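Shown next, in structure tokens, is the structure this report addresses.
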């Protein structure tokens, strides 16, 4: 999950029961549909030879993934219904529903294209025969690309136009999808760099366009919060559906080498990326014909706008020096979110290594997203009188326990079921963490230095991720270190809660 931090924010659920029925049908089809077609779920070997191997018989654990997803979906729908976004029909002005449709349709296409790739990034590289260390370098490259471009992409979008940059996202991510068919390390590296830049555009440009258009049309500010709720609902619904769709696509045919070519491949784990490309190609004309261009308030500053990055960073450093609680919160953020990014890299090899066959990565990814949604919904159901800082330390503690359980299992029995359920618990913590920590940051970080402080927070976070990924540690060691990092976040949050100047309750 490159990723999002972005990708895990509070949301509410669908109010249409038909959507739930469609998702359930997709879940069943993703694991059983190939049988109806009379085909076998084959995949290429991990070597570079053009060999297809027969899939193992469906095991009890294979059924467990499906059996877990269905009740988890039911719980997700119930919690989502209880926390669904609502708006007073009398307060909805003329033209708002059209604006809502124009944005949410494009957002659905764009975010689905991103989520479709998540379950099979590691699997594809491993199928091409690259080592864990090689794959780690590819992940680090994508992470670094997103990190670097994220520091100035907002200013660029303000100057060049949000509609233009939204189309640019589709182009860059489309090119990144095409590189997945070429088993050449340099080409795969280029794809990661393009994908990282595209991800920065996705989680800045689209939201900025929505806010700018909302204000241009003069809609009430109260409806903006409602739009954010719908936006995050669509984001998670797309993630769940994308996991199942990716599973169905990847299992429909084996990964096959193109005749008379040493580097070109198709089928298997490349198919989710082809589906992603199709969504991107659909999103481009939708953006072009349905959106109007809008710009930031400082349009025309051009490159001068990029100089604001340095000033913002300096303001962030000054804010950290003025209040000891600000860097302490940064420690908690870096510890938790670096563990999350390392988890995104490690979950596939962890489940692959303890499974007798090939786990259904798409179905597992969807289960993770449902657990994340449940965590977010549970936080939204908390009594408003409970201070977010008081809810944050139990979330971090439970996350530390979940990854400690994974590490313990890898050191001993390597129980696939225990590891899977621990991963679900960790994802639920991630879902609760982001709305919780966002509230704490909004109360603690000075508004005039907010962007700079958030950029400073990313420095230790990025260092932890890069060091852990490039160290090429054993999985059990990596998860144990992540658990220790999460315990340090518990300590930092506990100290914040006990500070003389308490965060507002």
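Cβ atoms here come from the backbone N, Cα and C positions, even for glycine.
Any TrEMBL annotation is an automated prediction that lacks curation.
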### Message
If you look at how TrEMBL annotates this chain, which of 83-102, 103-122 comes out as transmembrane segment?
### Response
103-122
### Query
Per TrEMBL, which of 265-291, 292-318 is transmembrane segment?
265-291
### Task
For the transmembrane segment (417-440), could you work out the same-chain residues 6 or more beyond its ends whose Cβ comes under 8 Å from its Cβ atoms?
5, 8-10, 61, 64-65, 68, 72, 329, 332-333, 336, 340, 343, 347, 350-351, 354, 364, 367-369, 371-380, 388-389, 391-392, 395-396, 398-399, 401-403, 405-406, 409-410, 496, 503
### Query
Counting Cβ pairs under 8 Å that sit 6 or more residues apart, are there three or more between the transmembrane segment (360-379) and the transmembrane segment (452-471)?
no
### Query
Counting only pairs at least 6 apart in sequence, do the transmembrane segment (164-183) and the transmembrane segment (103-122) share 3+ Cβ pairs under 8 Å?
yes
